[in-house]
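Shown next, in structure tokens, is the structure this report addresses.
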């Protein structure tokens, strides 16, 4: 997958971004919790149409990292037990007021007096074009060239919270204890770097809602799920052009 901005991002800092571009990134930030209740956040796109238009789901062999870590979420299976959130808190020392993953609720009217409730896990989408990276004035957050994970270095963070504003998924919070922004890093420090194959939330889920893996591996479960023929695949806010690596399916 050819992403022209990837090499540019490695040497880019805030001084090279025009004020117009910066305002555009900041406008991408949106507190999505309330909007999701009205069903207005998700843009649905099939694998076929994504290939033909926005490139939301790249073709095999077009993933820029290896491993190219990703998560697939089977939204309709989520029962809102919150075991994923509890596992994340315990594994990554998330304070009571903080979060690295959340679960949003959507109620859709079926008939008079009847509705369908679904739950949608949300986390950092580890975008290929991360707006948060492009607005950080101290390069405290960046796209790791080895894994594709968007990481944070709290020692570089000055607490300006600009990245929180720019995030299209409201997936960052300010951790008072370290006076820095914190976010999901696919449990890289606590699990992946120690040889674990799954994130804490994936391991804790009793309903197999979340699937984690390497999209560069055509034999991986995540790859097969989003490339299965006629599977409905969607991402959050594709109109931002951020190219997220968290995919949602109904399968």
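Positions of Cβ are set from backbone N, Cα and C atoms, glycine also.
Remember, TrEMBL labels are computer predictions, not curated facts.
The annotation domain '4Fe-4S ferredoxin-type' is assigned in TrEMBL to 115-146, 148-177.
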Taking every residue in the domain '4Fe-4S ferredoxin-type' (115-146), the average pLDDT works out to 95
Where DSSP helix means H, G or I and strand means E or B, what are the helix, strand and coil counts for the domain '4Fe-4S ferredoxin-type' (115-146)? 5 helix, 12 strand, 15 coil
DSSP composition of the domain '4Fe-4S ferredoxin-type' (148-177), residue counts helix/strand/coil, works out to 5 helix, 7 strand, 18 coil
